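Here is the structure we will look at, set down as structure tokens.
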Amino acid sequence: MTAIVDVHARQIIDSRGNPTVEVDITLEDGSFGRAAVPSGASTGAYEAVEKRDGDKSRWLGKGVQDAVDAVNDEIADAIIGMEAEDQSEIDARLIELDGTPNKGRLGANAILGASLSVARAAAEARALPLYRYVGGVSAQVLPVPMMNIINGGAHADNPIDFQEFMIMPVGAPTLFDAVRAGSEIFHTLKKALHDKGLATAVGDEGGFAPNLASAPDALDFIMQSIEKAGYKPGDDVVLALDCAATEFFKDGVYDFHGEGVKRSPAEMADYLADLCARYPIVSVEDGMGEDDFEGWKILTDKIGHKVQLVGDDLFVTNPKRLAQGIKDGLANSLLVKVNQIGTLSETLEAVNMAQRAGYTAVMSHRSGETEDSTIADLAVATNCGQIKTGSLARSDRLAKYNQLIRIEEELGPVAVYAGRSAIKALG
């Protein structure tokens, strides 16, 4: 009954106005699944390959027609007739069909679109929501949002070197109340920036990109806004950073262009430790460059016992890189981006590996998103307890928050908001 009978892909437009891949899957019983693929701005060197056409005369070279054709031809031929419920077999077939270690032949964007739409179709065939189909009866934990309200780095045109400054409403009783707190703080911050004559236009992920000189300047604005909105920093709301340090790691040092300062890996670790001591920062993502294993070890040894250290570029949701990082004692948390690895099965494998090793996992969007809300369901399915899906602006970000609100309502009394327990340092 769940045999795949039709596969169709198309080019659609993502939140940055660039083409991306959308895939429709139809099953023998009429069940239907659709998934759209996200795209990153700051990408790790070890991510699975997102295939772009490169034809400068169309979409400025960013078209994905080749990936769409791969789905409609090779991938369709390979998976039509297979059972959608056999997710791991289908994903293994897609990996084998591509035949490269980084999914570079067919494109991770082609493969992921097929993989996720298969899961959605199978869930519909079972008459189950996606989170329940993937996660089973134990899927009931609503994640704490990491809300990106000030942007710098590759996500902004300002001097701030760090890429994201986030709030986490850990003290809220429910996911809905966490979203409300985030919204109130977001609007309070907007007024504070406006009153100081700073820009309040929003970036790719819905956060502000004011012309501030340094990370402490951004953190001070956020702290004041939390308090003005009626919340207590460190209790109701804590802070998180995404340094995206790979972007400014040059010749063995961290070049803070905005501050005019260069820091060695040891000095970088000291700087981050100092920020975490001065502010209620409980999570730091990509605090070191993706290849600076020595720096990661220094940072983990220094503050890993009290701060969540999230590997994004370091691990790229890749079970092999994660296994090596666990073995070497690098970081203590995995950022999960489905398009970094390219199939649902490998994504779930990485999350399971992290959780077995005592690492936390954070489900994440990309800077180029669509209305697709799959990651909201996956956050609940895996009980990972944390999600990064942008600020409280832009419908491509709010689609995920709104889906989480619906899931919380649907779960009713069995819903559990992760709160402070999501981060071991706060437990």
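Glycine is treated like the rest: Cβ placed from N, Cα and C.
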### Query
Hey, Swiss-Prot has Mg(2+) bound by Asp242, Asp312. Any idea which of Glu205, Glu267, Glu285, Glu346 it lists too?
Glu285
### Query
If Swiss-Prot says Gln163, Lys337, Arg366, Ser367 bind (2R)-2-phosphoglycerate, which of Lys190, Lys191, Lys388 does it name for the same site?
Lys388
#### Entry: Additional residues around Mg(2+), ordered along the sequence, whose Cβ is within 8 Å of the centroid of Asp242, Glu285, Asp312
Gln163, Glu164, Leu241, Cys243, Ala244, Val284, Asp286, Val310, Asp313, Leu335, Lys388
### Per-residue Cβ crowding (10 Å cut-off), top of binding-site residues Asp242, Asp312
Asp312
### Query
Which has the fewest other CB atoms in a 10 Å radius around its CB: Gln163, Ser367, the listed binding-site residues?
Ser367
### Query
What's the longest C-alpha separation between any two of Gln163, Lys337, Arg366, Ser367, Lys388, the listed (2R)-2-phosphoglycerate-binding residues, in angstrom?
17
### Task
Sort out the sequence-distant neighbours of Lys337 (active site, proton acceptor) for me: same chain, 6+ apart, CB within less than 8 Å of its CB, listed by position.
Pro38, Gly40, Asp312, Val316, Thr317, Ser364, His365, Arg366
### Query
If you measure from the Cα of Glu205 (active site, proton donor), which of the binding-site residues Gln163, Asp242, Glu285, Ser367 is the nearest?
Ser367
